[in-house]
Amino acid sequence: MGRPQNNLLRPPTVIGQFHTLFFGSVRMFFLGVLGFAVYGNEALHFSCDPDRRELNLFCYNQFRPITPQVFWALQLVTVLVPGAVFHLYAACKNIDQEDILEKPIYTVFYIISVLLRIILEVAAFWLQSHLFGFLVHPLYFCDASPLEKAFNFTKCMVPEHFEKTIFLSAMYLFTIITVVLCIAEIFEILCRRFGYLGNQ
């Protein structure tokens, strides 16, 4: 008899299952729907003084070395990798939830995958703070001298800066929540592991 398949590819903890739901639905929905609404036409509405297309494009590329939607999409995909690798391994080896709690080697592998998620989230938080800061200001002063010496520093208007600040804060909050959930998941799996050993 094979193992029942309904336990495969599911996190072994309640917190892990909640994290998957939170990560997979709320965060991706927030980024996919609201992120497009807030950042979708940012480049078109970014204007500098004087309002010339080449100057606007030059300064926007300076203002946004990477667009926030691309950065956050890469963050989500990267953070999913450790868990996806573990669950692929579990599916190939026919490992179920109870095996992860009962067999030390699987427990260690699973905890390592969660720790990697924490490390990747913290790295993404640090990168986000360096790329985008914590506030979006209404004005951006662009060094346009490489484009044309007459420009030097020029003033650019950032569209919908208040909405972007709120969205930016929400993405920081999502990162903090997922890190907390990952830490809580490690504690839960260790407690359940010790509980399992205590019942032996």
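Note: Cβ is positioned from N, Cα and C throughout, glycine not excepted.
According to TrEMBL, the features are:
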{"type": "DOMAIN", "residues": "120-189", "note": "domain 'Connexin cysteine-rich'"}
{"type": "TRANSMEM", "residues": "21-40", "note": "transmembrane segment"}
{"type": "TRANSMEM", "residues": "70-92", "note": "transmembrane segment"}
{"type": "TRANSMEM", "residues": "104-127", "note": "transmembrane segment"}
{"type": "TRANSMEM", "residues": "166-187", "note": "transmembrane segment"}
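Remark: the transmembrane segment (21-40) makes no contact with the transmembrane segment (104-127), by the rule of 3 or more CB pairs under 8 A. Looking only at the domain 'Connexin cysteine-rich' (120-189), the predicted model's pLDDT averages out at 88. Sorting the domain 'Connexin cysteine-rich' (120-189) by DSSP state (H, G, I as helix; E, B as strand; all else coil) yields 42 helix, 10 strand, 18 coil.
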